[in-house]
Ligand SMILES: Nc1nc2c(ncn2[C@@H]2O[C@@H]3COP(=O)(O)O[C@H]4[C@@H](O)[C@H](n5cnc6c(=O)[nH]c(N)nc65)O[C@@H]4COP(=O)(O)O[C@H]3[C@H]2O)c(=O)[nH]1
């Protein structure tokens, strides 16, 4: 190989060298030496140059101005466009495609002008047809004649780098495509806050094109205040290298409000320093709205917009946890709208809903903002009252709340008076458990209802004991029929005029093995609540039908047995069928039976009740309203329902109040007009009997004539019960 550093060819065989120009060995290093010494030095310089060439991986060309290949030095001849022999003496135009040849010549020309030309990357198609890229550094060869100026071209194979760059370029293009396509806003800023990059979504947000954004800062794009805050945060990123997650509400020109979830991360440079900030923002307006909607659906009641059971309990638990540190009471009130079902059924469900909404507003208006009014279900509302100093405060709030119900509700254009019952329990006195507290407030609410509705009651231990007693009674009652502990007593019903017995009322008795006689007032409500009344009712009905059949067997004087039917029994669709089967089974005529129902039944279950009553009536069974005057006494149902008898409640008979006496007369007059018979209940004195007789009352029932008796004793009673 011949060193490119020698200006002319040297015949190394003869060791003859002329006009040696060696940039490595200085001319002075050779001059002044002897001929053999000079040759030796020259040989050393040559060897040195050879070593350098051998060491470099590049290709070295010597070319003239026309790009003619004069010399080629390479360890990798396969990297040439043609073989060395084919190239020598040819120009780049001869061997390279026009474009590549032109690039090679440009580099030579530049070197001709400036002495050197750097970094021209030229594509050369290899002998195997594959293209490779070479970086050309061209230097004017020193010492050449201007006319025969040659150039040294150092051609470095940069194909791998080029390919890597290409891959990188492709990746960058793909990345930019992705950036432009994604709906999220993406941008990059340098540490001076100038935008380096942004995507279409960001352009859209800012309302400016990329070219108007790049190089600008937030001060150029946003309000000064906003820009200042943004800058402060970004400087914090620089200081701490932290990631910033924030939410921004953007008010757009159209008046639209956009909620952005923004994440900003530091861009860390090669030296580990923060060189900029990468920001990504997502429009979460819709997502947030959906989240809020889901949250509302999960934690709020859709009708009243009040917190629901879940949220109520969550807040209650939190309030109870907080109460420890504040030494304050947490009150729970349970509210129930009295006779809500009646309103719902008589006025329709939309009106019932309206009542719930109006009641919710009244509850809310009676409490503080820190309190939570929740709708737990149906007409069941609860209020959480944290931070209460004294139980009396709860009583005051409940009283206030009840007062708001003094005003009528405007429902469907009508003024309707509705009351509500409230039960109160509070933490820590009553319980440290949220579920128990609600349960206790609930039992207090039921007590309030039992005590006449429209009032409030505090929970007491007694209530839990009562509840436990009820539970015990319930389990005992379940076995009462099979244990033979039940018995039906009969109380005679007589004509007031002469004391003649015309019928009787069947009254259930429970002789418990250990507890003795349990009064119906105790176990009938339990049987009603638990549904046991269906079995008990069927049993009583069968017993009473047997007795009626027995009493009417001789056919002399007809005897009608009245049997109490609970509202709950009317909820069974097979009631008429049950009655029919038992009448058949006991050979009892329907005319010997009267069914006693309460006013509330007529109010509660309008349509189905009417159908059932009509079916029973059609069979020949008579219908009596028990305890008349104590309920709603909505007179319109007297005409609508097939009612034969009104039983005036005992309270009117026993009362000394003149108004009660007037009411009795009024009831008698109404019944007369409607063709209904009247039975006065609870007649205990001769005076009461005399009053009834004078007022024109048909029949009476009461201790004056006889107490309820076991069947065996009852059947022995005389036909006339003289007083
Ligand atoms: N102080 C006083 N009381 C009098 C007098 N005359 C009758 N009584 C009582 O008044 C109640 C009349 O029955 P009710 O109003 O239907 O009221 C009944 C009725 O609602 C219910 N009940 C009783 N047996 C049954 C039954 O088999 N089924 C259903 N569903 N309820 C029943 O239990 C309630 C209470 O029944 P009892 O304790 O037997 O109480 C009976 C009876 O013993 C009187 O002169 N003075």
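In case you wondered, yes, glycine gets a Cβ from its N, Cα and C as well.
Copied over from TrEMBL, here are the features:
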- 45-115: domain 'PAS' (DOMAIN)
- 118-170: domain 'PAC' (DOMAIN)
- 171-232: domain 'PAS' (DOMAIN)
- 243-296: domain 'PAC' (DOMAIN)
- 328-461: domain 'GGDEF' (DOMAIN)
- 470-722: domain 'EAL' (DOMAIN)
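Each residue in the domain 'PAC' (118-170) gets a DSSP state, and the totals come to 12 helix, 26 strand, 15 coil. Per-residue confidence over the domain 'PAS' (45-115) averages 89 (mean pLDDT, predicted model).
Helix, strand and coil counts under DSSP for the domain 'PAS' (171-232) come to 35 helix, 10 strand, 17 coil.
For the domain 'PAC' (243-296), residue counts in helix, strand and coil come to 12 helix, 30 strand, 12 coil, using DSSP. Using DSSP to sort the residues of the domain 'GGDEF' (328-461) gives these counts of helix, strand and coil: 57 helix, 41 strand, 36 coil.
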